[in-house]
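Okay, structure first, notes after.
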Amino acid sequence: MGCDRNCGLIAGAVIGALMAVFGGILMPVGDMLIEKTVKKEAVLEEGTIAFKSWVKTGTEVYRQVWIFDVQNPEEVAVNSSKIKVKQRGPYTYRVRYLAKENITQDSETHTVSFLQPNGAIFEPSLSVGTENDTFTVLNLAVAAVPHLYPSPFVQIIVNIFIKKSNSSMFQKRTLKELLWGYKDPFLSLIPYLVPTTVGVFYPYHNTADGVYKVFNGKDDISKVAIIDTYKGKKHLSYWPSYCDMINGTDGASFPPFIEKTRVLQFFSSDICRSFYAVFGAEINLKGIPVYRFILPSLAFASPLQNPDNHCFCTEKIISKNCTLYGVLDIGKCKDGKPVYISLPHFLHASPEIAEPVEGLSPNEEEHSTYLDVEPITGFTLQFAKRLQINILVKPGKSIGALKGLKQNYMVPILWLNETGTIGDEKAEMFRNQVTGKIELLGLVEMILISVGAVMFTAFMISYCACRLKSVK
């Protein structure tokens, strides 16, 4: 009887030990299984989860726009006063809703090329007004003249057409005109061939971004979705050859198995440059653990602080020998126009830049850019890209509309928040297909190890107690 009992206790201990060992073995095996599955489904080819989401995003993406309405245009133009602005918005458009086109796989280079059609649908229910709302804003064409035509003689000639069209430093435009384009009266009078349509996002509708060529990850999953070449905007070639403008992905996804120490790089074609984001925090997004990566202030730092930005300092006087920070010159990307980008309300910018403008309230929470990335798959499940578009205005002695200015102005035109969040239905599907299975496997591993360890310990204690009792 005692022998049978001892044998039973030993058998129980052995079973517990085996369960613990099996759980320990299952852990690396499970990890290998997860890794194999993710690598397979993250490849950009027909039939994978990644490809389906990549061709046409299942997430609704919105572009919110706030316009800086100038309150004192005459005072500025005549007396060179501070510009008083009032932020109006948001005005919301749905974007990125069109599927990629001309998708072509190259089996030799393991890349896939495509075009991304552009489109924007106004969303009245998510906006404070209509596309016919009117604003007092900078005259984009007039402001560009000193930059495009630095010769005083040419400026005198151009000024004739500016005066004839009754154009001034500021103008009234509807939201639709300002964003998507309008026929400029002064440019329309110039007798030789020049583009006459002006708009912050013009041209946009019925255009396509690309051709992009990205790695499909078939041979190396660590390169999946990373841009190989981009031939969308010929003026990219205007940048110096040592400026490596294209790095990373388009931001919709990244190579899988992301660690907190990784720096995520993503390319934005509308501003012709790559940005990067660093780990900020772990958050829970609709039951899915994600890593939040944020755009650091160093991304807009001066070249002295961040040498990567030396390409965006194109002159020495206004930038005070490239020591000012917070704005980047993207004029070479905009056909020479004096366009600068910054964070909204000049967040993290030199005080001198915002000093001539009243009505700004920079706020880290509202004006910073971030991406929420699921670390195992590398999919971006939520993001907010926030940027401000500014025009540099110089005094122009030969231009009547600008001759009253006594200083340079970095005039904010608008700021935008392009944002998207995975929908509830997609989030549930993601939990079921990805995170749920991973969590279940991890739970099984821990249960086997824990129960096995408890069983082994309990049976061994019982066995020892039984043996001690038998000896007595």
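From the backbone N, Cα and C atoms, a Cβ is placed for every residue, glycine too.
Because TrEMBL annotations are produced automatically, they should be read as predictions rather than curated entries.
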Candidate cysteine (CYS7, CYS333, CYS464, CYS466) that TrEMBL pairs with CYS272 in a disulfide: CYS333
CYS311 (disulfide bond) and CYS333 (disulfide bond), distance between Cα atoms, whole Å: 12
CYS272 (disulfide bond) and CYS322 (disulfide bond), Cα-Cα, nearest whole angstrom: 20
Other C-beta atoms that fall within 10 angstroms of the C-beta of CYS322 (disulfide bond): 16
All-chain count of other Cβ atoms within 10 Å of CYS311 (disulfide bond): 19
Protein Cβ atoms within 10 Å of CYS333 (disulfide bond), excluding its own: 22
Other C-beta atoms that fall within 10 angstroms of the C-beta of CYS272 (disulfide bond): 20
